[in-house]
Amino acid sequence: MTHFLDIHKTAPADLRAMIDSARAMKEARNGQPKGTPDADLPLANHMVALIFEKPSTRTRVSFDVGVRQLGGQTMVLSGSDMQLGHGETIEDTARVLSRYVDMIMIRTFEEATLLELAEAATVPVINGLTNRSHPCQIMADILTFEEHRGPIAGRKVVWSGDGNNVCASFLHAAGQFGFDFTFTGPPTLDPEPEFVGFAREQGVSVQIERDPHKAVEGADLVVTDTWLSMHDSKSAQERRHNQLRPYQVNERLMAAAGPQALFMHCLPAHREEEATSAVMDGPQSVIFDEAENRLHAQKAIMRWCLGL
Ligand code: CP
Ligand code: NVA
């Protein structure tokens, strides 16, 4: 069974093939007038379940549109409306769904839910975000970087803020795609040692630098994310804000990085908190390309999972 559970669990050659396939599909589609019927419909007669335990705009819409563009059909399910949210085991849910659908994409609170589902399912399972990672997002981000700046291998990526699930997937990607990674943020919000360790084991440099202005020097890419993720307790909000304020991505920080640096944010954003509108809407920002590229990257991921 070919699941897409995490970037560090997927072979680098497969990841590279997915990025290249996403780019080719994007170029072919965007080169056609709007409304041109797709010639290639590899997911015809395939049903894909999209399960959400938490809210989503981009993941939900981009998967739904992507499946349809490939000729398949979707059903969008809310975890709380399913028996899964009322005591049915994940294993039983996986075995039942596998009798109906050809692939499952799931966004969960706990990574364990994703892993248990994948273990019991007999159809491919895709990680649409957990508390610990967001691999589809970072595949879109790699595609976005390379469209603007060429190969990401050997470049310097700087993460400013909370060392969260999206940061974790960037560290996995650093190891698999071969780029250097610097984290800047308060020590209490460092990425987990396991994620840092994975990247270092692949031979790339991972630095932790508490001074954000020093951290971004010579960066090819500066990335941030919300200061409070969906799995974080609301009670942490005020403390987080005080700790993270020095790590806001604003024009001063982008100036310290230099004009070569791109800016990314997976969205949704809290404008004027983790990043200012001047940066988000400024010349270095590629945030809406990232959002668009979720569609193209995930089409490549789904084709890879199904071998189509
Ligand atoms: N970036 C991202 O995953 O956005 P959604 O939460 O809207 O899906
Ligand atoms: N870190 C954020 C990403 C949202 C797409 C969260 O998990 O809520």
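Glycine residues also receive a Cβ, built from the backbone N, Cα and C atoms like all the rest.
No curator has checked TrEMBL annotations; they are predicted automatically.
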Checklist entry - According to TrEMBL, Ser56, Thr57, Arg58, Thr59, Gln83, His134, Pro135, Cys136, Gln137, Cys266, Leu267, Arg294 bind carbamoyl phosphate; which of Arg107, Arg155, Arg240, Arg245 is also listed for that site? => result Arg107
Checklist outcome for this item: Checking TrEMBL, the member of Asn165, Asn242, Asn250 that binds L-ornithine with Asp225, Ser229, Met230 is Asn165
Checklist outcome for this item: Taking DSSP helix as H, G and I and strand as E and B, the domain 'Aspartate/ornithine carbamoyltransferase carbamoyl-P binding' (3-147) has 75 helix, 21 strand, 49 coil
Checklist entry - Where does Asn165 (L-ornithine binding site) sit by DSSP, helix, strand or coil? => result helix
Checklist entry - To the nearest whole angstrom, what is the C-alpha distance linking Arg58 (carbamoyl phosphate binding site) and Ser229 (L-ornithine binding site)? => result 15
Checklist entry - Nearest to Met230 (L-ornithine binding site) in three-dimensional space, by Cα, is which of the binding-site residues Ser56, Gln83, Cys136, Cys266, Arg294? => result Ser56
Checklist entry - What's the CA to CA span in angstrom from Ser229 (L-ornithine binding site) over to Cys136 (carbamoyl phosphate binding site)? => result 17
Next on the checklist: Tell me which of the binding-site residues Ser56, Gln83 sits in the most Cβ-dense spot, judged by other Cβ atoms within 10 Å.
Outcome noted: Ser56
